[in-house]
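Quick one: structure below, then a few questions.
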Amino acid sequence: MPALTQHSTSITLFRISAAMFLNYLTIGIPLVMLPLYVQQQLHLSDLLIGIAVGSQFIATLLTRGAAGRKADTSGGRRTVITGQFYCAASGLLMLVSLIAHPVPLLAWAILIVGRVLLGIGESFILTGNLTWGMWLAGSTHAGQVISWNGMATYGALAIGAPLGLSLYARAGLALPALLVVLLPIIASGVIYGIPGNIPTARPRVPVLRVVGLVWRPGTGLVLQGIGFATLSAFTALWFNERHWDNTGFAMTLFGIAFIAVRFFCAKFPDRYGGATVATFSLLVEGTGLAVMWAAPSAGAALIGAAITGCGCSLMFPSLGVEVVRRVPPEIRGTALGVWSAFQDLAYGFTGPIAGLLTPFIGYQQVFLLAAACALLGAAVVHLLLRQH
C-alpha cells in the first residue's frame, strides 16, 4: 500500500469513484434505451429483446473469476483500464450495428457482441476498482471503498437510464453509442497519474477453493439480491394490476434511500463490523418488502420501497468487509470477483423463477416471499459469519 495521508487517500478514492461513475454510465445509458431500439427500429421479438438484455449479465457472471485473477496478477489499475477498453469497444459495435440496420438480424447480432463486451468490461472495471481502491486505502477502509464505488455505480445507473432515453429520443442510437465510446476515455483521464499496484507472482488459486472462502458472505448476498430483483422486476406490474399511479417513483425512492444511507453511513461496516451491519440491513430490507406486500395503497408501497432501499444499501460493503477479512491479500481480487457472482446469480434467476410463480400466487405474494428470503438471510448471516 502506498504511503498516503488521510486527506490524499480521500481525494484519490474520490477520483477513482468518479471514474467508476463515468465508466458505469456506459452501462446505464443503454439500459432502457436499447430494448426500445430493438423493438421499434429493428422490429424484432420480445425473445430477442430479452437475449439482448440478458447477454450482458451472462458475460459479467462468467468473467467475474477472470477479472479477479487479472486484478491479482496485473493489478487493479490495469484491470480497470482493460475493462474501459471493452466498454468503449461495445459503443463502437453499437455504431457498427447502425450500418447493418437494413438487415435487422445482423444488426441485432452485432449488438449482442457489443453487449457481451460491455458485460466483460463491467466485470473487469468493478473488480479492478475495488482491488485498486483497497490497495490504496488499506483493508481497514474496505467498507468505505466499497460504499463509494456503490454510490458511483447506482448513481450512474439512475442517471444513465433517463439520459439514454433522452438521447435516443433526440438522435436515435448514434448519440448514445458515441457517448459510450467517449466516457471510458474521459474516465481514463480522471485516473491518470494515480499509482497502480504490481502484485508479485503468485501461484494460481483454484476457483473452488476461493468459493469455499467466500460462500458464507455470498449466501447473504444471494438472499439480499432476491429482494432487489423482485422490486425492480415486479413493482411496475403489480402497480399496474392495482391501477395505482406513480409506478416509476418506487425505483426512484429506492435509489434515493439507497444512496443516502451509503453517503451518511459509509463507515459503518468498518466501525461496527460487516456481520453486524449485514444482519441489521437484511432485517430492514425484509421489513420494507413486507410493508410493500401489505400495502393498501400506492403511497404505502412507495414507503416500503424506500425502506427496502435503506436495507439494501450497506449489504454489499458490509459483506465485502467480511470477504476481505477472510482471504489473504494475494487472492483478494479473485475472491471479490467470485463473491460478486453470487449477486449476479440472485439478479439473474429471481425474475424467471418468480415469473413462473406469479400465475399461481399473483404479484403481491412475490413480495412476501422476497421478504421471507431477506429475513432468512438475516438469520443465516448472523449464524454463519458470527460462528466462523
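Glycine too: its Cβ is placed from the backbone N, Cα and C atoms.
Remember, it's a predicted structure, so these values are computed and weren't measured experimentally.
Taken from Swiss-Prot, the feature transmembrane segment covers 18-38, 42-62, 89-111, 116-136, 145-165, 171-191, 219-239, 248-268, 287-307, 341-361, 365-385.
Give me the lay of the land around each of these features.
Sequence-distant contacts of the transmembrane segment (18-38) (same chain, six or more residues past either end, CB-CB distance under 8 Å): 44, 48-49, 52-53, 56, 80, 83-84, 87-88, 90-91, 94, 108, 111, 115, 118, 121-122, 125-126, 129, 149, 152-153, 155-165, 167-168, 172-173, 176, 179-180, 183-184, 186-188, 190-191.
Away from its own ends, the transmembrane segment (42-62) comes close to residues 27, 34-35, 101, 104-105, 107-108, 111-112, 115-120, 122-123, 341, 344-345, 347-348 of its chain (Cβ-Cβ under 8 Å, at least six residues beyond either end).
Tertiary proximity for the transmembrane segment (89-111) is limited to same-chain residues at least six positions away from its ends with a CB under 8 Å from its CB atoms, namely 26, 30, 34, 38, 41-44, 48, 52, 117-118, 121, 172-174, 176-182.
Same-chain residues lying 6+ beyond the ends of the transmembrane segment (116-136) with a Cβ under 8 Å from its Cβ atoms: 1-2, 4, 9, 12-13, 16-17, 19-20, 23-24, 26-27, 30, 55-60, 63-64, 66-68, 70-72, 75-80, 82-87, 89-90, 93, 142, 145-146, 148-149, 153, 184, 194-197, 320, 324, 332-333, 336-337, 340.
Only residues 6 or more beyond the boundaries of the transmembrane segment (145-165), in the same chain, are considered here, and those with a CB under 8 A from a CB of the stretch are 13-14, 17-18, 20-34, 36, 126, 129-130, 133-134, 137, 176, 252, 255, 258-259, 262-263, 265-267, 269, 313-314, 316-317, 320-321.
Same-chain residues lying 6+ beyond the ends of the transmembrane segment (171-191) with a Cβ under 8 Å from its Cβ atoms: 15-16, 18-20, 22-23, 25-26, 29-30, 33, 37, 41, 77, 80-81, 84-85, 87-88, 90-92, 94-95, 97-98, 121, 164.
Through the fold, the transmembrane segment (219-239) approaches residues 245-248, 250-251, 254, 278, 281-282, 285-286, 288-289, 292, 298, 301, 305, 308, 311-312, 315-316, 319, 339, 342-343, 345-347, 350-351, 354-355, 358, 363-364, 366-367, 369-371, 373-374, 376-377, 380-381, 384-385 of its own chain, all at least 6 residues removed from its boundaries and within a Cβ separation under 8 Å.
Listed by sequence, the residues of this chain that lie at least six past the ends of the transmembrane segment (248-268) yet keep a Cβ under 8 A from its Cβ atoms are 143-144, 147-148, 150-151, 154-155, 158, 231-232, 235-236, 239, 277, 301-302, 305-310, 312-314, 317-318.
Residues 227, 230-231, 235, 238-239, 242, 244-246, 249-251, 253-254, 256-257, 364-365, 367-368, 370-371, 374 of the same chain lie 6+ residues outside the transmembrane segment (287-307) yet bring a C-beta within less than 8 angstroms of a C-beta in it.
For the transmembrane segment (341-361), same-chain residues at least 6 beyond its ends with a Cβ under 8 Å from one of its own Cβ atoms are 54, 57-58, 60-61, 64-65, 214, 218-219, 221-226, 228-230, 233-234, 316, 369.
If one looks beyond the transmembrane segment (365-385) by at least 6 residues along the same chain, the residues whose Cβ comes under 8 Å of a Cβ in the stretch are 216-217, 219-220, 222-224, 226-227, 230-231, 234, 238, 274-275, 278-280, 282-283, 285-287, 289-290, 292-293, 311, 319, 322, 354, 357-358.
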